[in-house]
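Taken from TrEMBL as is:
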type: REGION; residues: B:1-32; note: region 'Disordered'
type: TRANSMEM; residues: B:48-69; note: transmembrane segment
type: TRANSMEM; residues: B:75-94; note: transmembrane segment
type: TRANSMEM; residues: B:106-131; note: transmembrane segment
type: TRANSMEM; residues: B:174-201; note: transmembrane segment
type: DOMAIN; residues: B:175-400; note: domain 'ABC transmembrane type-1'
type: TRANSMEM; residues: B:213-236; note: transmembrane segment
type: TRANSMEM; residues: B:256-275; note: transmembrane segment
type: TRANSMEM; residues: B:307-328; note: transmembrane segment
type: TRANSMEM; residues: B:382-404; note: transmembrane segment
Amino acid sequence: MSKSITAKDLNVYYGDFMAVEGVNIEIAARSVTAFIGPSGCGKTTFLRTLNRMHEVLPGARVEGELLLDEDNIYGAGVDPVTVRAMVGMVFQRPNPFPTMSIRDNVLAGYKLNGARLSRSQADDIAEKALRGANLWNEVKDRLDKPGSGLSGGQQQRLCIARTVAVEPDVILMDEPCSALDPISTLAIEDLIAELKEKYTVVIVTHNMQQAARVSEKTAFFNIAGTGKPGKMIEYDETSVIFNNPSNEQTERYVSGKFG
Amino acid sequence: MSETETRENSSQTPTPASVAGPAGPSGQQDPSELIRPRSLTGNVLPKWFLPATAAVGVVVGFVISYLIGGQSVNYALWFVLAAIIYVLLSYLVTRQQLNKRKATDGLWRNLVYVAFVIALIPLISVIWSVVVDGFQGITHSSFWTQDMSQNAARTREQAIHEGEAPMGGGVLHAIIGSLLITLTATIISVPIGLLTSIYLVEYSRGGPLSRGITFFVDVMTGIPSIVAGLFGVAAMQTILVMGNQLGLWSYTAGNYSMGITAAIALCVLMIPVVVRTTEEMLRVVPNELREASYALGVRKWRTVLKVVIPTAISGIAAGVTLAIARVIGETAPILLTAGTLTRVNWDMFAGSMMSLPVYIYQTFRYPFGGPGELAYLSEQRAWGAALVLIMIVMTLNLIARIIANVFAPKKTGR
């Protein structure tokens, strides 16, 4: 199920503009890794290269290698759509499909791809995914209601359930709690702790306490100035990053002296 | 009386507090008083003021127009006088009672009201006259069930001799023709328009092709409908000649007068409208939904088909319906391409076809039985056909609204 991620000298470009430069990182399977850093430093861009979502923007390209276990996802003949089926993503703002019911939202990965599911199969998948996202008890009586009727935190967990339902190897989360209240944030954080039993989780966050709470390893990204590429400054155990970072920039950032 | 004193007076009259105010009359008006009066109360006129002024305007306007018009009522004059009296009276009273600023504010508001009423007059007038005149037409027993073939067979003498009693005839053939032509035009235009807008929004990346398409779509929205008719004729003639040469069919030269020719002409008018409305609807679909779909490993065409279009379907359906409503009333291109006919023709590919707008033109211009004593029957039928046309367009608008409501993404459910 779960796979490790290895980036080797990864550069990300938007057209001629180099957005992220020279990332080398090894993310273990079944772990939670947090990306922290100031806005615009390339954390989200790098996260999106992990499932080739950045290619949605025109002119985006990548140099270097990105291995999912042993396979280079930027290798010749690799279909980005297949990569995205293996590497799921949860976005900053909850984005359930407004035309679909809660149940259909969970099954979206199957239904949109035209998979034929029997009634019982579909029910099993939906229940399993919703239980996996700690949402089952809240929505089990209204599975046929629209997903947009849920609260923000519930919608975000619905999006996680949608991602979990297709059983990816890796789950990427792009500031999943930044639009949520503390209670909903807590629910998501608990969920992340459970997800890492089965999946490799990578989370981008602006909330350093959150990074400290949920992650095992933390990568700090920074940018030298406007127009310069973002770089990964330091990558280590979370406790090391927050208590005893080796880099001065990291130390200044986590102690709140800048950014 | 100097200007300063006048202003002082007018600002003091309605506000008791300003008389006994802490500052008292100072001779020079404090500019901040313009913005913040000294008292909370007394700065507005009572609620009945505007209706009362309007009533005064209506009554006085009636009296004056009655006198000017020599004991008879001229509605236009009455309305103009009432509007002028209302606007002036409310301005003067407000200025005298409150201040110049509020009076100017009220003046412009009243001018906006008057402009609104003026804009409403032709609208209501059109609907009124069509309903009143058309009602007699559509209540004729034969109106909905017959075409005009038996009337065409009657000579003028017969018509006069037999009177109006056997004078049947209706719009059945025109309704069928209009619906068939418009339906065919819709079937051709909607896929082309929809796919074009999908290309523009989802696939093009602002290249020269997409800019060219956008430009020509804009140009096409503005072409006169008669040009579309000419295009239909030219296109159909080309197709017919090609078919003849290939041996697919044998049409005689110039025999382009068919329902399908009219449908092609209407497509030229319809496609740009469909492209434009659909493009706007697709653009407002949030990008997050597309990304959510991509992130589930869904291919682009499936994302467009199952996420983007369902999210925008209400707007697309409404846009298509409005495009239909726009072309169903076209006269010139249909007259040019489908011609006229007095009987029902179900075949889009053979022979002329009647449609409602052309029927109205034809019946008004060339009433049966000549421009004589029976012409009023033809006129009634023409008005009736106009009423039918308006009813169809209204129904289409209603359907568009219903579709928009039914398909709209569900907001609640909590």
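Cβ coordinates come from backbone N, Cα and C, glycine included.
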Beyond a gap of at least 6 residues from its ends, the CB atoms lying under 8 Å from the transmembrane segment (B:174-201) belong to 147, 210, 213-214, 217, 259-260, 262-264, 266-267, 270-276, 278-279, 282-283, 304, 309, 316, 320, 323-324, 327-328, 334, 338, 341, 344-346, 348, 353-359, 385, 388-389, 392
Distal contacts, the transmembrane segment (B:75-94) - CB-CB under 8 A, six or more residues away: 45, 49-50, 53-54, 56-58, 60-62, 64-65, 68-69, 102-103, 106-107, 110-111, 114, 117
Spatial neighbours of the transmembrane segment (B:256-275) far in sequence, C-beta under 8 Å, 6+ residues away: 177, 180-182, 184-186, 188-190, 192-194, 196-197, 200, 213, 217-218, 220-221, 223, 225, 228-229, 231-233, 235-237, 240, 319-320, 322-324, 326-327, 330, 333-334, 336-339, 345, 347-353, 355
Using Cβ atoms and a strict cutoff of less than 8 Å, what residues sit near the transmembrane segment (B:48-69) while being 6 or more residues removed from its termini? 77-86, 89-90, 93
